[in-house]
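Undergrad: OK, Swiss-Prot features for this one:
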ACT_SITE  Lys76  active site, charge relay system
ACT_SITE  Ser151  active site, charge relay system
ACT_SITE  Ser175  active site, acyl-ester intermediate
Amino acid sequence: MQFSSYRDLREKLLAREMSCEAVVTAYLQRIEATRDRNIYISVFYDEALRQARSLDRKLDAGETPGKLFGMPMAIKDNISIEGTGLTCASKILSNYTAVYDATVIRRLKEEDAVFLGKVNMDEFAMGSSNENSSFGPVPNPYDSTKVPGGSSGGSAAAVAGDLALVALGSDTGGSVRQPAGFCNVVGLKPTYGRISRYGVVAFGSSFDQIGILSKNADDAAAVLGVIAGNDGSDATSSHNQVPDYAAEMEGVSLRGLKIGIPKEYFPESLNSDVASVIQERLDLLRSLGAEMIPITLPESDYAIAAYYILTTAEASSNLARFDGARYGYRSEKSSDLTDMYVNSRTEGFGEEVKRRIMLGTYVLSAGYYDTYYKKAQQVRRVFLNRYREALANVDVIAGPTSPFPPFGIGDKMDDPLEMYLADVFTVPASIAGIPALSVPVGFDSSGLPVGMQLIGNFFEEGKLLGTARAVQNAGKV
């Protein structure tokens with residue numbers, strides 16, 4: 001029992017061709033049969049079936065089904081669901097149970113979505129391969145020796161492997177888009193503030209944004225329409241009205257669409273297979289009426305440096321709360337309070353998390369604040385202005401999601417800088433706070449997925465999703 005889209009599933013459910021319970025049971029059986037893939041951290045067997053039966057009774061009673069009626073979803077394990085574990089794939093939160101629902105979870109429940117479980121991720125969303133997890137790595141659905149990307153690797157692998165129809169992830173610098181590209185699914189990072197962050201464990205608070213992973217743009221739009229919007233519990237959530245994304249998508253046509261092509265996204269170092277697949281799809285889009293406009297984003301080389309200064313600074317502050325005193329893991333080796341703090345954090349955090357905390361503490365220190373943090377904030381403003389200039393003349397910006405295809409498990413773990421470069425094309429949009437997504441466009445010579453990143457203007461997710469649908473459908477002609 002597999003579905004190409006939520007529309008397909010919804011039609012069958014409402015026509016009573018199948019029950020919610022049968023659909024959820026099929027997904028749970030597939031999840032159980034693939035537990036060795038390490039995709040799910042926890043599976044809500046009883047609760048998911050309870051939800052499904054409740055929805056079947058709702059339909060029997062003639063009640064109006066919600067907008068996401070019966071949608072089987074996976075949730076990244078840094079998003080709070082009351083009464084369930086919230087580990088962030090970290091030992092330091094191994095015994096923590098969430099005490100409230102994130103705003104997005106509450107909104108999804110109100111529209112009848114079904115939660116199958118919590119999925120694996122890089123610890124505290126810090127990573128590009130899903131290898132920085134206390135639960136171990138997740139294999140790529142297309143080659144079990146390769147990574148699925150990160151940090152939302154479990155979310156992407158769940159959708160690609162038909163272990164959820166749609167998944168929620170979080171994107172700080174590419175953590176939805178890069179795994180989407182590696183796993184051949186759509187991955188959307190909306191405009192910063194479009195979706196409430198209340199109930200999401202913070203990594204970089206001025207970057208973090210909940211994202212959506214799905215098989216197609218229409219499903220992402222359906223979920224976005226439900227979870228987007230202002231939230232009084234999140235001061236950074238936008239007051240901009242939530243539009244009808246489906247209607248906005250219908251207004252997008254390839255004919256006359258202006259696509260900006262930044263030369264900086266096609267360096268000589270770009271993997272040749274990735275370059276070939278992306279160029280082939282761009283040529284196809286041109287043949288269907290799209291206009292390719294060369295643009296330049298000259299500050300792109302500074303993106304990784306600025307991003308890792310700013311996000312680690314925020315992380316060093318955000319993660320100070322995990323100290324073993326109030327909740328989570330507590331070391332038993334401590335002789336006094338100071339020892340307890342030090343040992344709990346030393347034993348509870350993984351190596352990459354500790355590396356970023358130390359880097360963030362360093363750049364915020366009195367002697368280096370102006371040299372690093374303040375300078376990086378100035379660079380961030382330059383990025384914002386540069387994207388505004390570029391997007392004033394084009395509808396979207398296109399390029400590769402990642403500079404290389406999925407790499408082998410363990411290949412980059414000993415070289416953090418090489419790992420960070422996996423996000424070299426996704427980080428700039430995060431710095432600027434603008435929406436971006438990855439859409440599948442083909443495979444390399446080894447049969448591994450290649451994703452195309454599309455970047456749009458503030459709050460133009462509808463145009464972005466409409467373009468993604470056109471790009472994806474163009475490959476089916």
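Cβ atoms here come from the backbone N, Cα and C positions, even for glycine.
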Undergrad: Three-state secondary structure of Lys76 (active site, charge relay system) from DSSP?
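TA: Note: Lys76 (active site, charge relay system) is in a strand by DSSP.
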Undergrad: On a simple 10 Å Cβ count over all chains shown, which one of the active-site residues Ser151, Ser175 is most densely packed?
TA: Ser175
Undergrad: Counting every protein chain present, what is the number of Cβ atoms, excluding its own, within 10 Å of the Cβ of Lys76 (active site, charge relay system)?
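TA: Counting Cβ neighbours of Lys76 (active site, charge relay system) within 10 Å gives 30.
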Undergrad: Using DSSP and collapsing to three states, where does Ser151 (active site, charge relay system) fall: helix, strand or coil?
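TA: DSSP assigns Ser151 (active site, charge relay system) to coil.
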Undergrad: Roughly how many Å lie between the Cα atoms of Lys76 (active site, charge relay system) and Ser175 (active site, acyl-ester intermediate), rounded to a whole value?
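TA: Approximately 11 Å lies between the Cα of Lys76 (active site, charge relay system) and that of Ser175 (active site, acyl-ester intermediate).
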